[in-house]
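J.: Okay, so Swiss-Prot annotates it like this:
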type     : residues                               : note
REGION   : 1-27                                   : region 'Disordered'
DOMAIN   : 38-712                                 : domain 'Myosin motor'
BINDING  : 128, 129, 130, 131, 132, 133, 134, 135 : ATP binding site
MOD_RES  : 356                                    : phosphoserine
REGION   : 403-485                                : region 'Actin-binding'
DOMAIN   : 716-736                                : domain 'IQ 1'
DOMAIN   : 737-762                                : domain 'IQ 2'
DOMAIN   : 770-953                                : domain 'TH1'
REGION   : 945-1049                               : region 'Disordered'
COMPBIAS : 989-999                                : compositional bias 'Pro residues'
COMPBIAS : 1028-1046                              : compositional bias 'Pro residues'
REGION   : 1103-1228                              : region 'Disordered'
COMPBIAS : 1162-1175                              : compositional bias 'Polar residues'
COMPBIAS : 1178-1193                              : compositional bias 'Pro residues'
COMPBIAS : 1194-1203                              : compositional bias 'Low complexity'
COMPBIAS : 1204-1215                              : compositional bias 'Pro residues'
COMPBIAS : 1216-1228                              : compositional bias 'Low complexity'
């Protein structure tokens, strides 16, 4: 039934024309069922602005598959590391960014729309570190523009095809596999697409920036050369192999020395055919393609030219057959090739006249350098030629009106050894950051001025001072100093480097520069980078020697000569351009400043290319140096939200009775007055919003949230009736979900603990016997046992002694260090060990002037630890290469932490002996032998450790204990389902038949077995066992006097001590009883019935007091008349019997309990174990073991692809921890079967639907 019209309210017919009425459609009730938003899609609406808040919001969205987020008009993209559907492309066509979720298509649509609407050039700047998804974002933008730009003309479609074909072609020649990215762009490119007046592409142009040509001749371990070399050597035809003498990539030095020929997600043969296809689309002729591959063959064979040193120190070619083939490919004389590669012609001049000519032979190192220089020059010039040839094919067919530029450039780089390449890359990124800051603030300010909005200008850091430091000519910057050094000492690279070092000293007045000898530091926006001067001037010159240019000039191959068109004039006094001059950053900046920018900031979620791992720490660092927090603050400095009057009214007209009725738009005035009416009717304060010329501005995000909440409630109220009809179903659904969640929560932690525990098994790799308590099912790895990361006094003192600053402590514990003293044998001495992210700290406790203090005895950087030695027995000793030999209860956990922190570079050596450096240049050896007489831990004496046999090396952790089954409540219990559904009566539980237990009769020996009582199966067994016991002996007899207590030494605490688990916390002047002394400085004491360990230097002896007379015995009472109950495990004692304690796991034998004859020792019960007593008198508490707090493991990340390929080992080492299926631990007992739970939920859901 349709709702009736409100009295006195007249609805304007749709046919009548009114201001803005015809453009607003009736509100749709389906909006109330839209998918709930995860986080906020525009981070200018964050309630709390901080780097952590930005990180948390990005993590929420990325975890739920939302990889895109806005900061105003800036798009943040977090690489998902998985393929995504492109079916959403049409959703963004003709829509503004507020109408659809954030996406790279939204940025492309905005740029294309603004170009057509405002007739302004646009550019999209994509930035981020390597592997963050810059190239993929650029592909999506080109794909979107090709689809939406229209045009049916064949020439327009040809331009679109060529623009898309540039991607596989330039990726093959300009991308390579690195440690961080399998398809890393090793060059920067700026693609400009030209459009005519109606928005159709009529041409394009690509500008190349700084190809990493050094990769051609060398790569680090597990990286590859450019893709095209592997595609060519694997996918070439038989004709090409015959023509170029081509073999596999393993046959060439330039492609095989890095030991990475295959990549899991790259098909080189398929990519080779795609490259050939792209060449055809671009318009490269077969002859041009043949010449390109011939140049690649020349580069590959040049790498195989090897040199050997002769007796006079000069070089000679090892295999002249290789140079003969190089001469054949270059169409040059092979003898000239050999001569140019092994010697150099030097010409002297005097007074401007030509002097003598000398033929100087080269040593092998110089010859190798010349060979590599020629190979790099050929490939670099070939890449430049390909880019130029693409531009020729894509040149404009007609006059163009506007341009859309797409910048895909290398990200900021910081390595251990940074040289000239990193300086150039970081300089370009510094310039882009400057553009980002200036244009963002400029656009913001212009909008406020244009809309006549009052606001306060924002102060920000201008990194122009860093750009001037690098590029300025007067006063000279870094590039100018490099050019001057190359000009003054051009003949000697070492002298040129020294000249550059002297010139950089003049730059020290800049606060962002710091000279440090042969290195210098630049404080970039993304962090401080230390650059190495060695080789910088030589790389900056970037020119071939005259001999190599003459070799190219003598070639009969015209294509090869075309690659080297510019040859320096020897008589010219003009300095040739250097590599720094060729960066062309100024030209790039000029092009970008002429266009209206759109920004895409890409973020890399992890270094493992995993689609499920979100590295919070790494992403937080990227958020900081990308300046996302500052960008949000700039956007929110004036007003957090703005929109046109028309869009504002269309969004919120439901909130005012003056603008809507029953979902119909009824406002007859203009849009601006409609906005004001809505804001007034919703009670928004006047200082929270302003009206501009064309837009409404809202100051705080909370105001916008309030408007959105009121709008959502409108539809919620309308949907309340529908919700009632589904109430029973929703309750049932939620109950199923809660049960599944409850089951999962109860078991997921156990899985994480098992995975962390198994990591230690993988490191030991079945090479070491294990202690029994190391194989507990849920032994937790806490790590920081001394609480350095907490607020305990001990942790604070140790942290202060270590001076760790802001470093995070991953492991800390008490240990014993083997200390050698003069004239005496070595002896274990108590110490403290603290492991941080950077180093291992060993501390000692000492007493001075009656005060205890902790002193740092040694600090070992993690980078210096090469190996760890352990025995193959169950002892706790281990030795790190570089002196210390320690004994640690948590040895497996310590080794696991060191392996993780060093990324598996530490070698774990396990054997019957440990060899360590006792003193400088003096090695010592410690032996480990089995000795079953050692009852507790191990015994060290004279470089020999005696230890009892442990669990077998291949032992695995014990399965978790089974839980006691509880009462299962049916899911249909209560009002979840209506009558007629599944029965809610629980099934009757069967009563197990009790087992008869022998009962000792009173007055007889405890070993006598009583007859079995007759017990009915249906009756619960009674403790009386059917017989009436004799009455208890009379209790009115006075007890005998207690025996005299032995004199126990008592000690008083001199200082307060805050103990951990297993330790006794003491206050000053507390009196404790001494139970056991240990020679390691810790005593076992007892106070108020509780035992624990305390340091002996905190205690002082209390003089014994006089023993007082015992108190009189209590009055006797008559014995009770009731019969005492006898349980199945209790013992009826006579007058001479003593109470017996029954511990868990101990069962009575022959009807009687075995007395506990000796106290429980530390080698049979862990410190955390607290056995409870069964029926009978309470025994004295067992002796507490030395402190061993439980460990809380860090949850291991789950990798879908298994562990990464480890580096080639130099010595035996344990396999890296893996969470792949092959190494997944067995399912714990009691683990929830989620598949069964979900199946049960689906079954009940079907039953419910059938009932309804």
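Glycine is treated like the rest: Cβ placed from N, Cα and C.
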J.: Work through the recorded positions one by one (130, 135, 356) and point out the residue whose CB has the fewest other CB atoms within 10 angstroms.
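T.: 356, out of the recorded positions 130, 135, 356, has the fewest neighbouring Cβ atoms within 10 Å.
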J.: In the domain 'IQ 1' (716-736), how many residues does DSSP put in helix, strand and coil?
T.: 19 helix, 0 strand, 2 coil
J.: Show, in sequence order, which residues other than 128, 129, 130, 131, 132, 133, 134, 135 on the same chain lie with their Cβ within 8 Å of the centre of the Cβ atoms of the ATP site.
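T.: What remains near the Cβ centre is 79, 181, 184, 411, 602, 604.
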J.: Ten-angstrom check, please: count other Cβ atoms within 10 Å of the Cβ of residue 134 (ATP binding site), all chains counted.
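T.: Total other Cβ atoms inside 10 Å, all chains included: 27.
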J.: Measuring Cα to Cα, how many Å separate residue 356 (phosphoserine) from residue 130 (ATP binding site)?
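T.: For residue 356 (phosphoserine) versus residue 130 (ATP binding site), the Cα atoms are 51 Å apart.
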J.: Output, ordered by sequence, the same-chain residues six or more apart from residue 131 (ATP binding site) with a CB under 8 Å from its CB, or 'none'.
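T.: Those within reach of residue 131 (ATP binding site), by Cβ under 8 Å and sequence separation of 6 or more, are 79, 178, 180, 181, 184, 604, 607, 609.
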J.: Calculate the per-residue pLDDT averaged over the domain 'IQ 2' (737-762) and state the result as an integer.
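T.: In the predicted model, the domain 'IQ 2' (737-762) has a mean pLDDT of 76.
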J.: Using DSSP, what's the helix, strand and coil tally for the region 'Actin-binding' (403-485)?
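T.: Counts, helix then strand then coil: 47 helix, 7 strand, 29 coil.
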J.: Helix, strand or coil: which one is residue 356 (phosphoserine) in, per DSSP?
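T.: In three-state terms, residue 356 (phosphoserine) counts as strand.
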J.: Return one of helix, strand or coil for residue 134 (ATP binding site), based on DSSP.
T.: helix
